[in-house]
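Residues annotated as transmembrane segment in TrEMBL: 30-57, 64-87, 107-124, 144-166, 186-212, 233-256, 276-294. Among the features that TrEMBL reports, domain 'G-protein coupled receptors family 1 profile' is placed at 46-292.
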Amino acid sequence: MRHCFYNETVGFFYNNSRKELTTYWRTKDVLVVALGLTVSVIVLLTNLLVITAIVINRRFHYPIYYLLGNLAAADLFAGVAYMFLMFHTGPRTAELSLKTWFIRQSLLDTSLTASVVNLLAIAVERHQTVFTMQLHSKMSNQRVTILIFCIWVTALLLGLIPSYGWHCLCALEKCSSMAPLYSRSYLTFWAISNLVIFLIMVVVYTHIFVYVKRKMTRMSKHTSFHPRYKETMISLVKTVTIILSAFVICWTPGQVVLLLDGLGCKSCNVLAVEKYVLLLAEVNSLINAIVYSYRDNEMRSTFRRILCFVCYRNSKYTPTAVKLNTADRRTLSQNGHFTVDSSI
């Protein structure tokens, strides 16, 4: 019968994994916390702005924007989780109970998983709409709600699994170096799962990219296409390129480091880079808000109205009653829905 160490301290497991546990604030610790808190605050504010814009503007009440809102909620949660980490790291780590340590890690795992799975859902939705020449998918609100529910259930399951058994409290030889209370097998599973999702996303967006490029080539041979449509196609290519670049740069290093730790690589100095790759992944939560929202003209306009609320407080503004400019009128179809004015 295996002996479990439920009554030991966090320091006991850190010593077992040979991970340094400081008792005083070093310059490096202060810089990491300061930078982490700064990024967290910006992530919170930007994603809160996105959620507010989607709620108040009825022209965003479509499946893709609901998914964008859920992505912003996941990234908002990631900001909260990372901020919680910053307040419970450095010398404070040694003071944590095992329960608090697991809460700290579960918050991060849940938020980051929700963000990644939501990105995959958006990629699939964009693939469907681009190839059917639509701006908005025909997915019902009920299906979107179920999809969002499934995203969070998946994220919660993956985030809470270590706390309810997939840890190394009863098998010290299986403890991870980066997360000394986690089993290396869990880190391997989590990293491989995310890398598979990354691969699927790359395939989906590459397919979109190739399709749009071919479409533009055919369009260039004909002069009958509306110039506005071609502009939208070009904007879409740029957006896809930014999405792929940001995603690969921000996420891949962290997943590779986790995988190396999970596989028990002795010669890999994963502890030297763990804080930086985690911060890089958190930065993606900020980039998401910019890429998926700021490149949308209507979203930018709504942002300005929110930020300038003091200036508009006497105008009784309602999103659906705003007078459309000339460009917007050209991009509305007969039923009042957008046709091409989107770069998402």
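Glycine too: its Cβ is placed from the backbone N, Cα and C atoms.
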Under 8 Å between C-beta atoms and at least six residues away from its ends: which parts of the chain pack against the transmembrane segment (30-57)?
65-66, 68-69, 72-73, 75-76, 78-80, 82-83, 85-86, 89-90, 275, 279, 282-283, 285-286, 288-290, 293, 298-299, 302-303, 306-307, 319-320
Mean pLDDT across the domain 'G-protein coupled receptors family 1 profile' (46-292) comes out at 85
Is the number of Cβ-Cβ pairs under 8 Å between the transmembrane segment (186-212) and the transmembrane segment (144-166) three or more, considering only pairs separated by 6 or more positions?
yes
Same chain only, please: residues at least 6 beyond the ends of the transmembrane segment (144-166) with a C-beta under 8 Å from a C-beta of the stretch. Say none if there are none.
63, 66-67, 70, 74, 102-103, 105-111, 113-114, 117-118, 121, 181-183, 185-186, 190, 193
Which residues of the chain, 6 or more past the ends of the transmembrane segment (107-124), have a CB below 8 A from one of its CBs?
64, 67-68, 70-71, 74-75, 77-78, 80-82, 84-85, 147, 151-152, 154-156, 158-160, 162, 190, 194, 197-198, 200-201, 204-205, 247, 251, 278, 281, 284-285, 288, 292
